[in-house]
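Input: a single structure, listed below in structure tokens.
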Amino acid sequence: MKQSHFFAHLSRLKLINRWPLMRNVRTENVSEHSLQVAMVAHALAAIKNRKFGGNVNAERIALLAMYHDASEVLTGDLPTPVKYFNSQIAQEYKAIEKIAQQKLVNMVPEELRDIFAPLIDEHAYSDEEKSLVKQADALCAYLKCLEELAAGNNEFLLAKTRLEATLEARRSQEMDYFMEVFVPSFHLSLDEISQDSPL
């Protein structure tokens, strides 16, 4: 049986820090970010289905979100201001991401490739799936800003403002629900969020 380096590569996502140009009170790596995006994307899909008549596969959405930044293990996490400096750079970076995604897919043993390719290659996502993952990705970046600001790090003030504009552009009923029900707790301390649920 031929060896595959696929999961050895993915395990290195924990070595890639996000927000590399920003001073962070607590660093965040791509692996933990991907887990949070998967949880939030799953919640958005579940909310969409349960509250707003949606019909999406919440478990698939969670898997797509889990792998949404997998190519960064080969490309690194390019800071957003650089990635979107102009349309030419954004277009070239998309092409690089596509190559990295394909390289990852090619690492998977052939008998399993049809399972992993649709998770890694974002071109296999439906528009609705892509929208939910992007909403979750932006929400998690926004939550990171809230956490940094709550810790007194004003470095994230402009990022928060930019992300509020992004969230407004991607706004949906399920996002509004999530923002109203879950986000306010991110402004609270551990003691405050633990008061109602003692062990």
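Numbering starts at 1 and runs along the chain as displayed.
Note: Cβ is positioned from N, Cα and C throughout, glycine not excepted.
Taken verbatim from Swiss-Prot:
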type	residues	note
SITE	Arg18	site 'Appears to be important in orienting the phosphate for catalysis'
BINDING	Arg18, Trp19, His33, Asp69, Asp77, Leu78, Pro79, Thr80, Asp137	substrate binding site
DOMAIN	30-142	domain 'HD'
BINDING	His33, His68, Asp69, Asp137	divalent metal cation binding site
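A map of Swiss-Prot features onto the structure.
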| residue | record | DSSP class |
| --- | --- | --- |
| Arg18 | site 'Appears to be important in orienting the phosphate for catalysis' | coil |
| His33 | substrate binding site | helix |
| His68 | divalent metal cation binding site | coil |
| Asp77 | substrate binding site | coil |
| Asp137 | substrate binding site | helix |
Query raised in the report: Near Arg18 (site 'Appears to be important in orienting the phosphate for catalysis'), which of the binding-site residues His33, His68, Asp69, Asp77 can be found within 10 Å, Cα to Cα?
Result: His33, Asp77
Query raised in the report: Judged by the number of other CB atoms within 10 angstroms, which among Arg18, His33, His68 is the least packed of the recorded positions?
Result: Arg18
Query raised in the report: Are there residues of the same chain, six or more positions away from Asp77 (substrate binding site), whose CB falls under 8 angstroms from its CB, and which are they?
Result: Ile16, Asn17, Arg18, Pro20, Val30, Asp69
**Report entry** Cβ packing number for Asp137 (substrate binding site), 10 Å threshold
**Finding:** 21
Query raised in the report: Which residues, same chain and not among His33, His68, Asp69, Asp137, have a CB within 8 angstroms of the centroid of the CB atoms at the recorded divalent metal cation site?
Result: Val30, Ser34, Val37, Ala65, Val133, Cys140
Report summary line: Taking all protein chains shown into account, the Cβ-based neighbour count within 10 Å for Asp69 (divalent metal cation binding site) is 20
